[in-house]
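Visitor: One structure, pasted below without further comment.
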């Protein structure tokens, strides 16, 4: 826990500052709309426990409809340290930038570069496009960047000011953002360092990784000035350690959705993301909720020789590839560096994402009316296999080359610019959701299960993004690998084995995404395979799964001309609530309401399982087509939209087409609205918990009741044991240091008092007869009772004074 909080309130901003902040809350920044980022002056900066007093105070405020004490997130930059600097051959365009001849990824020609010079030859250099780098800062006064620096696209989220200048240290650990910015918009023909892909584009920087990274910090960064910024480039994410499953929190997810719906005047912000550097740990980028998101354009890397880099992760959500570093002897990326420097050793997928952002900036200059989906369509249609070498290259159902390592291939700037110039807006995006009632499928060790689902989506005829949302438990999560095969035969690896991942947490409604079926018709049988490579009694259970099929009714390759503004994303959903065997003849569309089937046995009792190496479920009937109504709950930012025709009796919950007495693990009971008629109806349904919870009382990560074995329940959060141990260790050391410091303070004070008392001069008296001062070195004897005797010196038996020290005034003469 931190001393930072986020909350939503309905009052105007000026009134909120007076009514809510008081003397204890400090407003850090407005996140977006009615959401605010606060620091509590009386809370510890680090704590294992949430502040009950703070939570109660905010919950009692009528104006506050949602709040969350912020939790630290682990986020890693995606670069590596290697060094190589080789010469290159002659280039097609002559520039006076000293490193231009060595920029092999821009000037090799012969189809071996990203065809950027072709775009420049068309007069497109990024003019009028704004790109911001979400990272650890930007050296805005770098001589190769300063001309294109845009202060309106910059902010320091860590220090809460408008200056993104990085913090300098002895190892230059905050050079990442400056390097990425130079790849995008380093000036051309200025005799300094390198050339940016979009060298006339404006570039800004957001300093957000050099400090505490929380959900609110990410949301502020992703939502910075969305009407001004066109492209956000991010080369970071959760730890690429082969055992982490993590993604954006509720605030960051809302920032993504707000960006694609409202950014760029409704055309949608473009988020470019590095796919990840965890291949050495056998990581899979579908376990990264940022690259696995349909809202981001996920970019992978290729080496100079067209090979898969040793660090680059492979997954089905990767859309395309740009060049980056490779093995020893292969050249790396040249760009700007800290201290007004220049480097030829920028590495990792960190270097790939900014190159892709620069290419997207070129396409946007060619057609500024491109939406976020238009950009993805153009990337898919123009990327090429080129000289990229991967074992899994194949063709999808519409004949496009695609690979888990490279997506649809190497980005081609010239082709993207040409296609952008003649591109018409893509048709409205729609969603077909098909839920399977094949629940609690046991998968013993060394076996797998195959589940089939028959799909017919009237409103989705040309696919874009496909999500298979799975809830799965496993004795060891890393033993699971998952495949999805489309009706047209395209097989996507949704999850590969991750040997390091020993977690028992499984997956809670995790949306594994594939873009490999782009352009295909979704109608037909989809097949899901879940393999368990566990040993001995390492069982797994597929609790539930369903498909989200995003696409269009019309062919995006030939959309009709339109004079209306480009459409924003709208959604149509379909929900399957009845399950039956596939009929022998083609079924007729279902128009009746789903049946209300009550459970005859308690939901938690599993059916008897037979242990066969392979279990095959029969295909499902096509879903019922419905429109999606958006419901809003102010306390639950990402509350799922649920709609149904079935009303359950009081005390029961709607779950997968049935009424149940109790929601299963991973779900909680909640009232949801039905807006199909003019009168709003309310029924109870089982809604998904946050993926970190086994049991919960709400959808957020702080509403857990029971956690997985590798996590601990801390004030409603399921915190990884490793992070809890780390915080406890920090807290223990902090307590020790504070204790030692306090003890030293007490000892120091005691010694000071002792020394002062010991050296203080003895009291003196003036003898009225002689006029001399008599100083007493020894106090009265214990038998002395007269208080006045305490001022007399000790005398000898003959009444002569002993130990008398005469004292003279300064006026007396010796």
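Our numbering is plain: 1 for the first residue shown, then up by one each step along the chain.
Each residue, glycine too, has its Cβ placed from N, Cα and C.
TrEMBL annotations: computationally assigned, not manually curated.
Keep in mind the model is a prediction, meaning the values are calculated, not measured.
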Visitor: Ranges 101-122, 123-144, 145-166: which does TrEMBL label region 'Disordered'?
Guide: 145-166
Visitor: For residue 135 (active site, charge relay system), list the number of other Cβ atoms lying within 10 Å of its Cβ atom.
Guide: 30
Visitor: Measure from the Cβ of residue 350 (active site, charge relay system) and count the other Cβ atoms within 10 Å, all protein chains considered.
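Guide: Taking all protein chains shown, residue 350 (active site, charge relay system) has 29 Cβ neighbours within 10 Å.
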Visitor: Give me the CA-CA distance between residue 176 (active site, charge relay system) and residue 350 (active site, charge relay system), in Å, as a whole number.
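Guide: Computed Cα spacing between residue 176 (active site, charge relay system) and residue 350 (active site, charge relay system) is 8 Å.
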